[in-house]
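Have a look at the structure below, then the notes.
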Amino acid sequence: MTYYSPVNIVNNLRHDWSVEEVLALFSLPFIELIYQAQAIHRQHFNSNQVQASTLLSIKTGGCPEDCSYCPQSVRYSTSVNSEPLLPLTEVIAAAQKAKARGASRFCMGAAWRGLKDRDLEKIAEMISEVKALGLETCVTLGMLAPGQAIRLKAAGLDYYNHNLDTSPEFYSEIITTRTYQDRLDTLAQVREAGIHVCCGGIVGMGEDQLHRAGLLATLANLPSHPESVPINRLVKVEGTPLSQVPDLDPFEFVRTIACARIIMPRSFVRLSAGREAMSDELQALCFLAGANSIFYGDKLLTTSNPTIDRDQQLFARLGLDLLPVEDRIQNTMASVDDRHSISS
Ligand code: SAM
Ligand code: DTB
Ligand code: SF4
């Protein structure tokens, strides 16, 4: 049996954050907060290197869930139509292109409530082929049933993305068709199968600071910190219930990144959806606050992302480098090896 200690005695990772403590971080003077986040960031990472993942929607639209931010839900009238699963050849071609452009990881997303066994082997084949190209593999397919994660791991899956999206308290305002516990159960299956966890959320959905702190505390208090923590800023899509929600203060977004960096010091914190609408200066502040990963490529799943050209120019102006895939794997292994478990 495995017990988890609240404090990781090997590398001091904490898993007992109270929401009040995280709120206290949010309340620090901005300069103090960024200073603390950057100081912690530099203890664990080369602060001039950024990991890049390229996304591909392998099954677009027609999703039965009611996530109120999502253009792919069948319940909302958006410009996204339902399409079948992409053929393997298209997936391989997109992965080859991503690799040639410098991405270290290829993330395949499906607009599913959960993975069905009838699709499992097709997905496994996609994972194996992408892995064979020398890329890290990631999929996000919704909920997993027992046994499925083990098959995905055997196919060569490095990461499974499954977001908590928001705090437990705000969650029911956003999604009613699956529970928070459903998400935690899928994350546990992923961990148990030995797959790295990519788990984060969305800010700017009309939540308040308490809920942003609640999301981050929940992520940090998981049995292990997710290796990858995507922080998405809501992309407001016409036709979705959240399309008219007021903008989040950009400094509050930077504070969210900084707090994630401080409480999950060894995780890659990804500046995720929403970058296209951000100025170069705001993105630079996010990197200063400890973000060290991006989605790289002209498209997210159904919405647009900064072009490769724009990102390359920004990286050149800031002296940032893309993390090569070999370094990425080594770095991740170190953090996984240090996982705090006491077995008896
Ligand atoms: N259907 C699967 C699921 O929900 O787990 C996988 C794909 S789903 C699109 C992956 C994640 O994308 C969601 O959990 C959410 O965090 C993020 N996302 C979707 N729409 C978004 C939007 N409009 N703005 C920001 N993030 C979004
Ligand atoms: C994550 O946290 N963000 C990505 C990825 N994981 C799958 C998805 C963002 C989707 C943005 C809306 C769209 O393009 O459909
Ligand atoms: Fe479906 Fe995922 Fe979109 Fe929710 S976020 S509606 S589960 S595709």
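Our numbering is plain: 1 for the first residue shown, then up by one each step along the chain.
Every residue, even glycine, has its Cβ placed from backbone N, Cα and C.
Under the heading [4Fe-4S] cluster binding site, TrEMBL lists CYS63, CYS67, CYS70. The number of other Cβ atoms within 10 Å of the Cβ belonging to CYS70 ([4Fe-4S] cluster binding site), over all protein chains shown, comes to 25.
Sequence annotations record features per position, and here TrEMBL assigns [2Fe-2S] cluster binding site to CYS107, CYS138, CYS198, ARG270. Within 10 Å of the C-beta atom of CYS198 ([2Fe-2S] cluster binding site) sit 28 other C-beta atoms, taking all shown protein chains into account. In the three-state DSSP reading, CYS198 ([2Fe-2S] cluster binding site) counts as strand.
TrEMBL lists 48-275 with the feature domain 'Radical SAM core'. When averaged over the domain 'Radical SAM core' (48-275), pLDDT in the model lands at 98.
Scoring each of the binding-site residues (CYS63, CYS67, CYS107) by how many neighbouring Cβ atoms lie within 10 Å, the top position goes to CYS107.
Across the structure, ARG270 ([2Fe-2S] cluster binding site) and CYS70 ([4Fe-4S] cluster binding site) place their CA atoms 19 angstrom apart. Close to ligand 3, meaning a Cβ under 6 Å from one of its atoms, are these of the binding-site residues CYS63, CYS67, CYS70, CYS138, CYS198, ARG270: CYS63, CYS67, CYS70. All protein chains included, ARG270 ([2Fe-2S] cluster binding site) registers 25 other Cβ atoms within 10 Å of its own Cβ. Cα of CYS107 ([2Fe-2S] cluster binding site) to Cα of CYS70 ([4Fe-4S] cluster binding site): a span of 18 Å.
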